[in-house]
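Asks: I grabbed these lines from Swiss-Prot:
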type	residues	note
MOD_RES	56	4-aspartylphosphate
DOMAIN	186-415	domain 'Sigma-54 factor interaction'
BINDING	214-221, 277-286	ATP binding site
DNA_BIND	483-502	DNA-binding region
């Protein structure tokens with residue numbers, strides 16, 4: 001029996017929170033104490049999936065997992081119920097938290113209650129309450145659970161309302177521009193990520209050019225996508241060009257286009273990236289690799305808004321916002337005469353620093369959970385868990401390759417764990433990660449790279465998969481994540497490489 005005083009104390013306690021996150025944690029800790037549960041979670045509903053906002057009694061990596069309704073029938077049942085849902089211990093619907101409770105990783109959840117949370121009859125989230133005893137919540141009535149759900153819905157709705165008001169001035173006019181469940185997203189609750197999100201919100205709805213600075217593998221392309229998604233140009237194209245992968249002979253044509261007969265092989269007119277991005281955004285990745293002659297031509301387009309296709313004297317007007325990214329120190333490149341000072345100042349109107357993973361180690365459990373869930377889906381697994389000791393190993397590692405290195409490490413570990421354990425619910429252990437050697441530096445030749453030793457006890461197919469995965473990862477790292485260059489280095493057709501990477505779980 002839940003007393004009115006207990007509910008009143010929860011309501012008053014929520015007023016003491018200094019931030020949304022603090023209030024959410026107070027809420028679920030109070031719920032766990034009030035209902036004597038083993039675990040509880042507050043989740044937000046968005047884009048066909050539940051996103052954990054706060055957890056108690058669950059492993060930290062749960063905060064990074066995403067529970068798409070189409071992949072999690074129990075979550076779908078909660079979303080569609082419209083009221084309290086009690087799942088019996090013998091429910092045929094798998095519990096998404098099985099194996100994700102500390103000290104209970106070998107046990108299944110036996111008592112589960114789901115409370116869908118609504119605002120004006122619209123689903124905004126859910127509160128899940130779990131226990132290891134099948135009769136743990138039998139003495140609590142549905143009406144009492146509804147009262148708890150009402151408190152949770154009010155707290156979540158207030159947070160969402162304040163979030164909408166705070167973003168109102170910079171929200172894009174175009175509906176449906178948030179990332180869906182299939183799109184990668186920026187994961188993290190650290191102060192560094194909070195600062196990054198704030199900077200994106202500040203600049204997104206302006207027309208300023210943005211220079212994204214950061215090491216390889218930090219997610220500069222995700223930042224560019226977030227800026228574009230929050231802009232008034234969100235409905236127009238976001239066109240991507242990797243300047244580092246451009247041979248000098250075709251770079252000008254890629255940027256500005258050409259007309260038929262302009263040079264040998266120009267058999268038809270071709271629009272360049274600037275034309276394709278007209279009225280939208282052009283993301284120039286690794287801008288520091290452009291040659292000085294091309295920098296001069298790029299500067300002219302930025303200054304006057306017109307360009308000429310190769311072989312054509314007719315100027316074309318374009319309206320393009322530039323987002324550029326680099327892992328180089330462009331200020332030093334200017335001093336050394338490798339980058340034009342006037343172009344640098346044009347591009348760096350609003351610089352954004354993408355934090356390295358070592359600057360936000362507290363986000364590693366969330367990222368690990370996020371990649372585990374994506375890997376689970378790509379490999380067709382029922383569950384994919386990571387041991388606490390393995391998670392601690394990941395948190396201690398320096399990650400010179402940043403988020404990309406972490407993602408590849410988890411995918412490789414998942415392939416090894418699946419082969420080693422022969423299970424649809426494998427657990428990633430410390431020995432599945434080989435982190436001592438670190439990633440290859442960009443200058444290392446993939447053909448000469450030492451391969452990471454494989455664990456014993458693997459069958460031929462599993463060992464072959466693990467070897468192929470490790471070789472692709474190392475070659476990809478050596479070519480700065482460029483798939484076309486990786487395919488050439490491995491002497492593979494690009495399409496075959498992408499299909500192999502998907503089968504191995506390296507790509508979603």
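The backbone N, Cα and C atoms fix where each Cβ goes, glycine too.
Model, not experiment: these values are computed from the prediction.
Show me how these features fit into the shown structure, please.
Replies: In three-state terms derived from DSSP, residue 56 (4-aspartylphosphate) belongs to an extended strand segment. Around the Cβ of residue 56 (4-aspartylphosphate), 19 further Cβ atoms fall within 10 Å across all displayed protein chains.
This prediction places the mean pLDDT of the domain 'Sigma-54 factor interaction' (186-415) at 92.
Contacts of residue 217 (ATP binding site) defined by a Cβ separation under 8 A and a same-chain sequence distance of 6+ are given as 357, 401, 402, 403, 404, 405, 481, in order along the sequence.
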Asks: State the count of C-beta atoms found within 10 angstroms of the C-beta of residue 284 (ATP binding site), not counting that atom itself.
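Replies: Within a 10 Å radius of the Cβ of residue 284 (ATP binding site) lie 24 other Cβ atoms.
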Asks: Which residues, sitting 6 or more apart from residue 281 (ATP binding site) on the same chain, put a CB under 8 Å from its CB?
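Replies: Once residues fewer than 6 apart are set aside, residue 281 (ATP binding site) is near 224, 227, 228, 231, 233, 236, 237, 238, 239, 320, 321, 322, 323.
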Asks: Using Cβ atoms only, which residues of the same chain lie under 8 Å from residue 278 (ATP binding site) while being at least 6 residues apart in sequence?
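Replies: The answer is 236, 318, 319, 320.
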Asks: Tell me which residues of the chain lie with their Cβ under 8 angstroms from that of residue 220 (ATP binding site), as long as they are six or more apart in sequence?
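Replies: In sequence order, 212, 214, 285, 325, 354 meet the Cβ cut-off.
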Asks: Using Cα coordinates, what distance in whole Å links residue 284 (ATP binding site) and residue 56 (4-aspartylphosphate)?
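Replies: Here the two Cα atoms lie 42 Å apart.
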Asks: Relative to the Cβ position of residue 214 (ATP binding site), how many further Cβ atoms are located within 10 Å?
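Replies: Around residue 214 (ATP binding site), other Cβ atoms within 10 Å: 20.
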